[in-house]
Amino acid sequence: MSDILAEAVKGAAAHPRPEGINFTYGTAGFRDKSTILDPVLYRMGLLAALRSKAKKATVAAMITASHNPEPDNGVKLVDPMGEMLEAAWEKHATDLANAKDEDIGSALQRIIDALDIDISLPSDVFVARDTRPSGPPLTQALLDGLKVMGSTFTDFGILTTPQLHYLVRCHNSRGAYGETTEEGYYKKLAQAFLKLREDGTKKKYQPVVIIDGANGVGALKTRKLQPHLNDSLKITVCNDGSSGKLNEKCGADFVKVQQKPPPGMEIQPGQRCVSFDGDADRVVFFYLNKDGVFNLLDGDKISTLIAGYLGELVSASGLQLNIGVVQTAYANGSSTRYLEDVMKVPVSCAKTGVKHLHHKALEFDVGVYFEANGHGTVLFSDQAEQKIKVASQDDSLDSGKREAATRLTLMMDLINQTVGDAISDFLVVETILSTRDWAADDWNMQYKDLPSRLLKIKVKDRTAVQTTDAERCATAPAGLQEAINKLVAKYQQGRSFVRPSGTEDVVRVFAEADTQAIADMLAHEVSVQVYQLAGGVGEQPQPPSTS
């Protein structure tokens with residue numbers, strides 16, 4: 001065993017692994033109660049250094065649990081171009097996190113041997129965290145792992161998750177993507193936003209917005225952005241962390257699930273409101289209509305707005321670029337029909353999880369992807385970027401085509417292509433609403449959401465349910481998909497699918513139809529079939545109350 005690996009084993013004594021707990025690295029990295037994560041952070045310091053050596057580039061580690069409650073925390077690794085950690089390395093992360101303290105050296109050696117990593121190469125890691133109180137000690141555990149491996153590192157302190165993704169891409173692109181500083185991030189977004197802002201009075205669009213910062217890092221960083229916007233947008237930040245706990249009765253997840261504003265927000269009818277999540281990689285909009293009824297503008301609404309606007313710019317520029325939208329099976333059926341039938345934009349369906357949407361979006365020249373929860377972004381292929389930039393500087397084109405290409409270039413600067421970014425996505429939406437002179441109601445009226453219902457059914461073993469076709473069709477147990485098909489056929493605009501949870505022994509049942517009562521009934525009837533055919537636990541699901 002090399003000296004470095006021997007030191008890694010010795011260093012584990014200060015970060016002992018608790019007995020009887022298994023950790024799993026998923027799409028969101030590791031997430032758990034912060035009190036048990038110290039040994040995981042130490043080991044992820046070791047792994048981040050190895051990943052840097054393997055890629056011969058700087059990587060990053062973000063300490064956050066996103067929209068989870070404040071007592072939780074987590075860590076996820078970021079690849080050199082700001083992408084999520086390569087899927088094949090998730091198993092290495094899980095194996096290392098679960099290795100006994102004395103076996104850390106051999107666990108690292110297995111990774112080194114399997115991937116033929118030259119351990120003598122230098123490594124460099126960017127590190128950041130969200131605002132959780134458990135962040136500083138967990139950061140120290142990660143840094144201990146990096147130091148043992150002889151890695152250089154930069155600790156950026158508190159950042160949003162998307163800011164860290166952005167910075168690592170800037171660094172590894174040698175500044176081509178932007179300046180590798182937090183200030184550089186604000187400057188790039190603000191400059192693009194201000195250039196896209198059109199002069200002239202608006203009849204409907206009001207440059208006034210209330211942001212629910214989830215008592216997290218998004219609130220802090222929005223305040224840092226504000227001076228760069230030159231009063232072009234009046235922003236009021238509430239749930240800014242000065243009182244209240246992170247994600248408690250606030251934030252994007254609360255607003256989407258509860259279908260209501262966070263308590264204490266003073267909102268006038270028609271007032272545009274925005275909710276970030278705890279690490280500011282998700283965003284949803286909402287407003288109260290003239291009758292005081294809550295209206296949510298979620299990831300589906302955001303993706304149709306952005307895809308429509310970018311599609312118009314591509315068309316006006318005369319460039320031959322294929323634009324598409326990637327959704328999951330949870331996307332509202334009305335949004336899919338609107339995109340395909342009205343906007344004539346192709347829609348692809350990917351498995352649940354941002355990494356699957358991101359991968360699918362790469363198939364388009366311009367790929368727009370959002371989950372309904374508000375996590376998403378836009379990806380431009382290298383070829384598309386090149387064509388757009390050339391067209392924006394081509395004096396032989398007529399002014400209309402050149403102006404459209406110039407606006408596309410600015411949109412590329414405004415969009416954080418590395419990962420879903422609440423701040424960037426918020427500015428993109430504001431740009432489009434201003435350009436169209438739309439109030440929230442105008443945006444919402446693009447299409448009407450179908451009512452839906454999501455249920456969870458406890459089962460003995462979630463692996464009894466297998467799916468295909470981006471989780472829209474059940475292949476096991478036998479007879480389940482046939483039963484779902486028969487139930488769906490009974491109802492107007494009915495749609496339903498089931499998928500096993502990735503973390504617990506439950507099966508998620510989704511249903512939508514033309515009325516809420518029918519969506520509720522369809523979800524119930526499908527859940528009964530899941531219970532009967534897939535080994536349900538406890539009482540059989542009861543019909544929805546009609547009161």
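Keep in mind that glycine also has a Cβ here, set from the backbone N, Cα and C atoms.
Note that this is a predicted model, so its numbers are computed, not measured.
Residues or ranges marked as domain 'Alpha-D-phosphohexomutase alpha/beta/alpha' in TrEMBL: 53-101 (among others). Residue counts for the domain 'Alpha-D-phosphohexomutase alpha/beta/alpha' (53-101) by DSSP state, with H, G and I taken as helix and E and B as strand, are 15 helix, 13 strand, 21 coil.
Among the features that TrEMBL reports, Mg(2+) binding site is placed at Ser66, Asp277, Asp279, Asp281. Spatially close to Asp279 (Mg(2+) binding site) yet at least six residues away along the chain are Met62, Thr64, Ala65, Ser66, His67, Asp130, Thr160, Thr161, Gly216, Val217, Gly218, judged by Cβ distances under 8 angstroms.
Annotation source TrEMBL lists active site, phosphoserine intermediate at Ser66.
The predicted model assigns the domain 'Alpha-D-phosphohexomutase alpha/beta/alpha' (123-173) a mean pLDDT of 98. Annotation comment: TrEMBL describes 123-173 (among others) as domain 'Alpha-D-phosphohexomutase alpha/beta/alpha'.
Residues annotated as domain 'Phosphoacetylglucosamine mutase AMG1' in TrEMBL: 180-284 (among others). Using DSSP to sort the residues of the domain 'Phosphoacetylglucosamine mutase AMG1' (180-284) gives these counts of helix, strand and coil: 35 helix, 16 strand, 54 coil.
What TrEMBL records for 298-438 (among others) is domain 'Phosphoacetylglucosamine mutase AMG1'.
Sequence annotations record features per position, and here TrEMBL assigns substrate binding site to Glu371, Ala372, Asn373, Arg499, Pro500, Ser501, Gly502, Thr503, Arg508.
Residues or ranges marked as domain 'Alpha-D-phosphohexomutase C-terminal' in TrEMBL: 467-526.
Summary: among the binding-site residues (Asp277, Asp281), the fewest other C-beta atoms within 10 A of the C-beta are counted at Asp281. Taking a C-beta cut-off of under 8 angstroms and a sequence separation of 6 or more, Pro500 (substrate binding site) has the following same-chain neighbours: Arg462, Thr463, Ala464, Val465, Gln466, Thr467, Val506, Val507, Arg508. For the domain 'Phosphoacetylglucosamine mutase AMG1' (298-438), the most Cβ-contacting stretch among 53-101, 123-173, 180-284, 467-526 is 180-284 (pairs under 8 Å). A gap of 10 Å separates the Cα atoms of Asp281 (Mg(2+) binding site) and Asn373 (substrate binding site).
Shown in sequence order, Thr64, His67, Asp130, Thr160, Thr161, Gly216, Phe276, Gly278, Ala280, Arg282, His375, Ala422 are the same-chain residues outside Ser66, Asp277, Asp279, Asp281 whose Cβ sits within 8 Å of the Cβ centre of the Mg(2+) site. Sequence-distant contacts (6 or more apart, same chain, Cβ under 8 Å) of Gly502 (substrate binding site) comprise Gly26, Thr27, Gly353. Highlighted: of the candidate stretches 53-101, 180-284, 467-526, 53-101 has the greatest count of Cβ pairs under 8 Å to the domain 'Alpha-D-phosphohexomutase alpha/beta/alpha' (123-173).
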